[in-house]
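Notes follow once the structure below has been shown.
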Amino acid sequence: MSSRLLSVTVVQATLETEATVACTVKLLDLALREIGKKESFKTKAGKKGKTVDFPTHKFELGSTYNLSRPDSLPHLQLELVTSTTISSSKSLGKISIPLDTIDQTTEPQDSVYSVMGVGGNESSLIASLRVVLEWSEGLQEDIVGGMKAMSKAEEIIEELPEHADELPNELTVSILRAKDLLIMDSALMGKGSSDPRVVVVVGSEKNKTEVMHKNLNPVWNEKFTFQINDLESSIAITVEDEDFGGVSSDFMGKVIVPLLQLQSKKPVRAWKRLGNKAAKTDSTKRGEIEILLHWKYNPDVKTRKQSSFGGAFMKSFMDAEESDEEAESDPAAMDVTPQTDEEIAKEKAEKEETEKKLREEIGDIQIKSGDYQLQVHIIEVRDLKAEDSTGLSDPVCYVEAFNQKQNTPVKEKCLSAVFDERFIFNYRDMDKDTFDAGQIRVNVMDADFGKRNDMIGSFVVDASLIYFRPKHEFYRQWVALVDDTSVADTGVQGYLKLSISVIGPGDKMVVHDEESDKKMEKEREEKEGIKASIPPTVKRKTMWLVTTIFRAEYLPVMDSGAFTTNGIDAFFQVECGTAMKRTRKNKVLGERASLNPIWNSELWIPVTLPIMSDVVRYTVWDWDRMSNSLVSTATEKFNALNSDSNKKTAPHWKNLYGAQIRGYSAGINLGGGKDWKGHYNKYPGNAPHYRGRILVSERIVEEEEAPKNGDGSAREITPFRLKLKQGIKQSQQPPQETYKFRAMIISGTEIPIVKRGLHTRKMQIKIQCGRNEIYSARTENKNGVCEWNEMVESEAFIYPKDLDQCPDIVVSICKGKDVETIPMAYKRFKFRDIVESNFTADADWILFEEDKALNLLEDGQFPGSALIRLGAGLADDADRTHHDWEAALNASRRKTAYQLRCHIYQARSLPASDANGLMDPYFKLNFNGQQFEAKYAKKCKNGRKDYQVPKMLRKKTCDPLWYGTICFDTELPEPQFFPQVNFQLYDWDGFSGFDKDDYNGCFNAQLSEDNIYDDAETDPEDFKPQWYSLMMEEEGDSEGEVLAFFQLVKKRAPEVTLPEPKSIEPSIEKGSLKEAVVEIVAIGCRDLSPYNMMAMQFPKVEFTVDSKEGSIIESTDKSKRPNGANPNFLQRMVFECKLPKDPIFAPPITVKLYDYRLAGLSQPICGVSKIDLGKKLPWAEGYVNPSLAGRRKDVRAASTGVEISKTVKKKKKVNGKVVIEEEEKKVEENLDDSISPVAPLLPKEIKNAIEEKLEAPDTGAGVFGALKHIKAPPPKEVVETKGKSRASVLDNGGMPQILGDREMSDEDMLAEIEKHEMMDDQTTRYMVGREKLPGELEELFPNSPFENFSLYRGQGKSRKEIGIFKGLIRVVAKDKSKKTLEEHFNTKASGGLDMQQLLKPQQYTVRLYVLRGLSLAAMDMGMFGRPGKSDPYLKVNVGDDKFNDKKNYISDATDVDFYKCVELHTELPGAGQLEIEVMDYDAFGSDDLIGKTVIDLEDRWFDDRWKALGSENYCKEPGKMRWNTKPLERRSLFTDTKNTEQGKIECYVDIMPTPVAEIFPPDDVALPPTQTFEVRVVVWRAREMVSMDVMEDMNDLYFVGWVEGSKKQSTDIHWRARNGKGSFNWRMKFDVELGHNTQAMKFPYLHLQAWDKDLLKFSDCIAESFIDLGNNFKRAYKKNQTIEVYKKRNLKRELESIRYSKAQEEKRKKKEDEKRRVEEAKQEEERLIAAINEGGGVLDVEMGIGGGGGRGGGGGRGAGEGSITSVGGDSMGLEEDGVQLVERGAQKSDENTPLKGSKAKTRTASALSDARERASSLANQFSNKEIKRRKNEEYKKKKEIANSKRQRSAQADKDELENLLGSMKELCGVGEDPPNSTWVNLIRKDFETGEDEDVGQVAISVSIIPKNMADSNPAGFGRKEPNNDPYLPAPSGRLKFTLNPFSMGTQLFGPAICAKIACVCCCIFGVLLTYFIAPYINIIISLSK
């Protein structure tokens, strides 16, 4: 609109002749052309005559033409016309006045102009015309609420400066004029017109303008005044068309202006677009209205507030809430100045720096949508606040997260309790916004029967905070419990120890070594107490979070209906952690633009730091009587606010988003089962609709800064609300700017097609930014393509200068018209992102997202995309760039002729659509309104000619080869506006009309200048195709890729015919193909699932390589060995084919699994897979040969594995003679460096010497000739333990060396004693040297020796993996010099595997050791809030060998101890899938699968890296035999129905040949049995106890005790215990189970409670304490003997005893070793002699596989013991395990003939002599001299040991005497402390001060006795018989009956009360005595007188 207007008033016309004339007024441009109808007017006709007076009417010109530029002013044309007929008029004359010739001032110009005739009378004067011209200046630059303030020249009464701070109370509304109004009254001829009037409503007042008849551009110039000061009110301006004289009216348009936009008190004048009945603009053009508004303060006006519905009474009646606590708040709270630009920039920089640091801390962790698992382990609570009158509580823990709630059992009457409960919550398909906003809440409650539980304290943490921690967990941490629900309970209410773990999509469960963690925790607690275990982060501090909520704007209409006025009952709520507070509800009525509630409240919430819930949640609600409705949610980060230096924020706007308000229909509003409407409102991060905004500010203040109560007292620590003294001032609001946003909407593709009957509905684009909306025109939808080619721009609007406070821009694709417009899909953009482009961004394609709350699209339907150019920014920038955008729009309309050539090559990994796992793919192409369907052969237009495109339907493949080109002749705009090419994939379902083809996804290809080619005959080799990923609704939601290239060829004209496209198929002639040879080694299939409920019969695999020339098909033979589910093919296939040079074109190998059934009559496809050849082409760039990739090494080099020839000798008779046959077997053994080629039976020293001699040149002496040269070294006797010689701890004949060079301290001695006693904590034997992996072994070896290809079956969601194909695939270029294909490959398979070994299966033994199950999912439903558990057991199978341990299921557990060895047998290659299933036992129905893991045995056994693991621990020495120690791994359990882990198992696997397994026994992993012990606790006496009966200063004292897991027991009552002392001598007995992971071992706590008994009320708990018996339980369990916990220990003597025992044990072992060595030497001699005498031949020595229990030790890995066999004689039963000694140079025994004659005798004699010499050499080791020396040493040691025994015996006698004297003193009551006892401090926590206070001590003694010993030496409960060990005398100091009243009173009431009673009694006695003797005294006195 022009900023300068020209007013024209036609006053009078003087004619030459009489006539009835009218005058038209028009503006003409410089070319004298009419500018437009909006600048043309016509007066009414005057009365007939020569002088015609026109009705006074002022026309304003310049509404559409700019009159402010003096150099381009147009002409003013005045024309006199007369009517000739009803519909036409005749021009009499006209005059054109150049406007630049008239005065340019604003003064009125009254002039008379001469009108010249027309139609031949141009030169004659026909009339003079009097006209008044007047210029008016435009509007000022001050913008308020989208309207421009008037200049001071206007007739506006300005308020005085002294009233500047007063709130406005008088509103002036001026209705000036309107233009381009709707035609409401149709006419028989012509366009029709309207009779508009304006209705102005403010609050309950209504005013109307006059009716302007038959006028679409009326001028009213009427003013209305309203007296109002309600900021919540709005001005509703409605334009109506009057009908029938005002009887009825038609709606024409509406505008609503909130008074909040006028609070600057400046006059504003603006044109406003008329909207619909809700005052919202839409696609209908209703015209504009110019209004003038002024809201100011008038001191003469009496202020009154308008009520919008029924007055204040009705509003107060509807709002029956209590008033706020205080009427006014501290004005300082409002002392917030607006931020400057520098401050805003600084705050933004600080925020970005904070976010950067946070991103660095959390790394690349991102919250994703998917399956989540939450594990919460409630361990224990301590120091809880008492909630019961007894001074105790009955604690129970409730865990609540994401609308799921579970609880622990109740622990009765305690303040510290152990729960040890693990809760597992599983959440399917959780949205990332839901998880990000979720909280985990743990409430510790006091359980009360029959009434509501009392809150003790709670702990709340954000789920996202846990997820962003290391390992996504909060592990074994102490947290403080806080009660935010009670005013009285302030500070810490107790402590909770817990673990929280979150497992998200793709995460692995983390398992800790809890034993070591517990040990460290206990050590710390023992040294520093529990407070040391509680981290410093729980030292609590209370702060106040103060949220000031001022108002909200543009909230949605929540209450509507036929009997309800539109509006909302809005209230605002703040939540932080466990605390929340809300405002009073504010009822606002009207349309949405009027819903601007004002609260002006402060919400004070106490926050205890550090806080684990970082999210401060703001919610706006609509109050309803039944249930409140959530409007929207906004969030703030507390820690970010707290880290700010000012700890406060200026008032700022928070925008609200949520679901659409309307558009829902029955049955679809749930969005497929999920409440998406509620989801969008609660998690608005990606919500589709703007729902208003709120103005808030926050600050954090110290606890003492909270305002006082009305009486001056300090305020309680509980949330409260204050009412602000006054609302926010204009100067305190966020700085604002004037913005506009604009959109150039070009076109859209794949726009959803909406049918209405047989017609397709038109579609339009809506763009919204806050309350401002603009619409495109509604356009036709042609096959999903819409073309708009238009530009739309918003009005100027006001939003904050801080772009982050501005609403997002939402672009929606809509159906419907006007009020029925409904968005179907949308896309949100940050306002900042659009503004930063400053109207310079190019047009871009927008991919829409479906509005899932409305759910208007079919499942899987693509929402569409549109080419839109978006711009937003300052209004001046918008005006400045308007011309450039118009030029760009014109450019988008200019078209150029092109031909689009779509080159479609192939596709891969397409989603299966048929039940067999395949599909019949074809495609459709959509481009610029044209469509091509490849299902049939079709002609394509090419200029004036057509060319044939063959059918491109491919059958039974998910990797089709198309290699076709489709052409589209089209006209396109400039490249930046190119439309997209839409590719749609379909699956052909035959010719049946009942099953339409399935849609499987699409992609959109963006064209650019790079796609333009001038030459139509460009060689296809120059194309650069790319892979396009398919999608359904959004990127990544589908699978499959298409290889394509899109070529644009320019044409001179659309009708030009171009040469046909060249073939894009690769060929040898083009040089794009290469001859190659493919090798496939098919090992077999594994773990095949049944097909059609029938197990696989005879499976085979077919391999297909497709090409345009044909398909190459190779297949394996059908096989069912070892079984149909795990068939071995063991075939090698080599074939020739042609493969492309560029790997991008390489076709896949299609793998199909067939099953031969019914003798081949049925051969169904049971599974499919594919092999990508693109990664296997050796000529491709970056190709790495698998055999040279460093993944595999030679077996011998990597693991020292060798093939050992084992000669098996068998005897049989041939012609009466015994003939020995030999059969060689090869068994692969893992041998370490100690393997020797000589017999392992020989001693190590002899064997080493033999090896040295064997390396020397052969002298012909044979084996015994070598032996006679050996001089055996003396045996070594130093026994090494952990790298330190045992001799180092002995001195002087083996006596223990106690002190050494220095005196050991008590701490050092105690540490050494405990180290010895805790030997059971050390690593068990089977774990020695075994590595522990945190995860699975496959993570250590990511590459397997074989290639595994998953086989799939089914379609869509039913598609599942049904097994794997295992094999090796290799490709080499064909070499013509090699004659056969096999010559291209060596004997090694790909990766270096030995083909001979692969193709010959062998039997193996598999030993699976399963130790534990960890965090197993709960399969049984929890009852009454209790957590669900499982009853797990193991199922293991490999092939047909199965193991089921159902009978040994474990009840109600999530962490279980299996500790089982499962031995199975299988054939490798063969059934190599070891399946481990953890099942849940159910008494009724079938058992449930908890989780499953699969180990590929073939990948392990044929991997040399796996074989090398643990080889250093291999041992075959008898008694120490051990196989390679494979790592202990923690394997994850999964199910087919859940994506998160369902637990873990700890296990390791051994694989060995079956003969070797017979030698090596399995590891003993069974747990030691649990043992029952009796814990005897004697409560002796108490002292310094605090008196609970204050008046008497006494207690009725008794003690309650229990061991964790046992029932409580109590002592008898010491009635009326005085002076804090009590005597009990009471024994308690508890049975406990000690062993691995028993309750008592995990939580070895002895609890003690001191009580004061009350008869008339509840007893009082004085204090509670607990004692950790962990180390004592371990000592008792290890020693299996009695442990006196508090017995005084002689550490020095204990240490001597321990070391002496060690020395004796070592001595015994030495003797046994010496004895064994002598026996072995003798046996060796006997064996050698026997062998020579029996055979008489030459002995052979050969390495073989050791046997089981034979003599001698082990050799190399897998090798057993050796044996000696003769050539000619019997094998002594050891042939299979034999070791032959072979003479150097001699042949083996099977090739050598027996020796005869003298040579044999000589050889025999020589051998006999050698054997005797060797035996003699061995015996020399134990000569008489050596024996004598050792005897002397033994005598010295015995003597010293005897002396030590005598010393210990004397000390024991002394100790026994001391114990006897102490017992006698105790019996006499004169003893000091009881024997073997200690004083335990009793502590009570003062929750007011937060400090612990001592309330007394109790003397106790504790004995831990094995149950069998306790039964043989029983002791009674209390003081019952048998009363011994120790004897418990009657307690002293108890209440005794006596006739002495003073003594009895003192015992009953205490000395103080008793003394007071005695005094009273004495006084009474004195009075009575005086009363009775008074007469006698009087007599005596009278007598004396």
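Cβ coordinates come from backbone N, Cα and C, glycine included.
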Would you please say which range out of 32-55, 320-343, 704-727, 1520-1543 has the annotation region 'Disordered' in TrEMBL? 320-343
Candidate ranges 287-312, 859-884, 1119-1144, 1275-1300 [criterion: TrEMBL lists as region 'Disordered']: 1275-1300
Feature contact check the domain 'C2' (1555-1683) with the domain 'C2' (152-272), CB under 8 Å, 3 or more pairs: no
CB contact flag for the domain 'C2' (1555-1683) and the domain 'C2' (881-1028), at least three pairs under 8 A: no
Mean pLDDT for the domain 'C2' (526-654), as a whole number? 83
Using DSSP three-state counts, the residues of the region 'Disordered' (1703-1723) come to 21 helix, 0 strand, 0 coil
